[in-house]
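Noted in TrEMBL for the protein shown:
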DISULFID  Cys29-Cys93  disulfide bond
DISULFID  Cys42-Cys103  disulfide bond
DISULFID  Cys73-Cys83  disulfide bond
DISULFID  Cys282-Cys346  disulfide bond
DISULFID  Cys295-Cys356  disulfide bond
DISULFID  Cys326-Cys336  disulfide bond
DISULFID  Cys444-Cys454  disulfide bond
DOMAIN    3-104  domain 'SRCR'
DOMAIN    257-357  domain 'SRCR'
DOMAIN    367-477  domain 'SRCR'
Amino acid sequence: LKFRLAGYPRKHNEGRVEVFYNDEWGTICDDDFTLANAQVLCRHLGFVAATGWAHSAKYGKGVGRIWLDNVNCAGGEKSITDCKHRGWGNSDCSHEEDAGVICKDERIPGFKDSNVIEVRKLLARVGSLQSQLPGALLASLHGGQCKGCGQQVQPQAGWPLAPPLPVGHASPLSGLLSPCRLFTERQQLNYRLHSVSCTGTEVHLSMCSFEFYRGNTSTACGAGMPAVVSCVPGPLFATGNGHKKKQRQQQQGQPRIRLKGGAKIGEGRIEVLKSSEWGTICDDRWNLLSASVVCRELGFGSAKEALTGARMGQGTGPIHINEVQCLGTEKSLWSCPFKNITQEDCKHTEDAAVRCNIPYMGYENLIRLSGGRSRFEGRVEVAVGAGDGDQPRWGLVCGEGWGTLEAMVACRQLGLGFANHGLQETWYWDASNVTEMVLSGVKCAGHEMSLSHCQHHGTSLNCKNTGTRFAAGVICSETASDLLLHAPLVQETAYIEDRPLHMLYCAAEENCLSSSARLANWPYGHRRLLRFSSQIHNNGRADFRPKAGRHSWVWHECH
């Protein structure tokens with residue numbers, strides 16, 4: 001059985017349920033449909049749970065067979081086939097009764113999606129070896145001959161220095177390193193793969209051709225050694241200089257591609273610059289190959305997810321291109337075949353996005369939160385003096401000047417998404433055994449990967465209030481609202497109006513007139529006003545102030 005969501009308009013996690021049975025796609029009737037049915041179907045579709053369901057063909061009428069009717073699940077079934085129903089193809093419904101589901105926007109870990117690569121499950125030995133060579137990807141392959149520790153391995157045919165392997169890091173390999181030290185530290189190595197052959201365009205090592213070792217894997221690869229690669233981080237990830245390099249790149253020339261709406265480095269909605277105007281990409285035919293070209297063009301590794309259905313929020317302005325079909329060899333998205341489209345072909349609900357592999361820099365080990373009510377909030381504590389194998393010393397950050405931009409960087413470094421609030425006082429949270437202030441004068445631009453990349457006072461601490469009650473804090477969120485003013489509408493509707501003072505009493509009471517209005521000869525005379533209409537769109541992935549009650553929203557009818 002296969003399942004998919006269809007229909008329009010819809011988000012990526014909702015839609016009409018269609019099931020592939022007996023070589024034919026069909027729908028499910030809404031008779032006796034319940035939330036328990038939706039729970040089972042959402043798990044089929046790769047989501048953790050259902051939040052609702054829809055009846056009466058809310059997402060449009062399907063075509064073909066109505067495969068299931070009177071479905072009755074308890075909610076815990078592993079498959080829809082375990083639920084009671086009238087039998088496959090036995091229905092008295094029309095397509096006006098097609099059922100839909102709304103699933104929770106959270107994927108089941110490890111769920112196989114054609115546009116998602118699970119990096120963690122590649123090779124058995126990768127995880128255990130990574131601790132010895134952080135940032136490198138290791139694969140047990142038929143490598144070269146060992147000529148003594150510290151010497152470089154001579155690669156055999158099929159294991160070239162170029163082109164770069166499709167590893168999740170930012171730039172080509174610097175070469176193959178001698179793995180002799182690994183043998184002295186780890187006597188038993190289990191080899192899984194050999195004869196790996198990549199073209200260099202693959203988005204993941206598992207997509208290259210290779211052969212499995214059968215039988216006793218500890219005695220395999222008798223003449224060879226474990227292959228080791230050394231990856232050079234791209235310019236964005238050069239230690240300590242990420243933000244400076246980024247500024248230098250921007251000064252050299254405006255890029256024609258960028259990521260927006262993502263909480264973490266290397267993820268976001270793809271926007272491209274065309275005819276001096278930024279626009280988005282439609283998700284038709286959007287896949288990992290094309291997404292990897294984008295990731296590499298931006299200085300990241302290959303793509304780990306090619307996202308459709310505006311998963312990183314809807315963009316604004318034009319949708320520039322559609323049906324991107326990269327081969328994987330291209331250095332830029334603009335070198336790939338694509339179609340120019342009009343607004344009628346695609347909507348912003350179909351904006352393409354990406355999540356890229358990035359080098360592991362370990363920044364999250366240098367920051368932590370304490371005292372908060374959940375893991376998403378707390379007093380910021382940073383590690384200082386952690387170099388050269390020394391034990392890090394944890395301390396607090398001075399709250400003076402701490403704001404949203406600094407909180408954005410802290411939440412990003414923690415891997416907790418967006419910043420809801422940057423707090424200058426944290427006396428109301430539980431106390432911590434960390435009481436020393438070690439960082440002050442923090443001033444961030446907002447795009448840095450670590451607080452250490454922001455401006456700060458360094459070792460010369462300068463903080464008026466050094467007590468723990470004045471330590472900086474954050475409240476982070478996985479999703480955020482993104483308010484955008486519709487600027488063209490303001491320009492198109494703006495006009496000048498001379499309005500009599502006797503019609504402006506309410507506006508004066510609400511303090512909406514300029515200060516000179518107090519000196520006017522009320523109720524005679526008039527004021528010259530700039531009038532315009534406005535629209536504000538929320539293009540983010542969360543409601544704006546969802547907990548604000550109706551009483552806190554004010555509508556001034558008089559002006």
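From the backbone N, Cα and C atoms, a Cβ is placed for every residue, glycine too.
Just so you know, TrEMBL annotations never went through curation; they're auto-generated.
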Spatially, and counting Cα to Cα, which of the disulfide-bonded residues is closest to Cys93 (disulfide bond)? Options: Cys42, Cys73, Cys103, Cys295, Cys356.
Cys73
Could you round the CA separation between Cys454 (disulfide bond) and Cys73 (disulfide bond) to a whole angstrom and send it over?
54
For Cys282 (disulfide bond), write down the residues of its own chain that are at least 6 apart in sequence and whose Cβ falls under 8 Å from its Cβ; none is a fine answer.
Ile319, Ile321, Asn322, Glu323, Ile341, Asp345, Cys346, Glu350, Asp351, Ala352
Average model confidence [pLDDT] within the domain 'SRCR' (3-104):
92
List, in sequence order, the same-chain residues at least six positions removed whose CB sits under 8 Å from that of Cys336 (disulfide bond)?
Ser290, Val293, Val324, Gln325, Cys326, Leu327, Glu330
Cβ atoms near Cys356 (disulfide bond) (within 10 Å, other residues, all chains):
26
Round to a whole number and give the Cα-to-Cα distance in Å for the pair Cys295 (disulfide bond) and Cys42 (disulfide bond).
30
Cβ neighbour count (within 10 Å, all chains shown) around Cys346 (disulfide bond):
20
If one measures from the C-alpha of Cys444 (disulfide bond) to the C-alpha of Cys29 (disulfide bond), what distance in angstrom results, rounded to a whole number?
54
Using DSSP, how many residues in the domain 'SRCR' (367-477) fall into helix, strand and coil?
17 helix, 35 strand, 59 coil
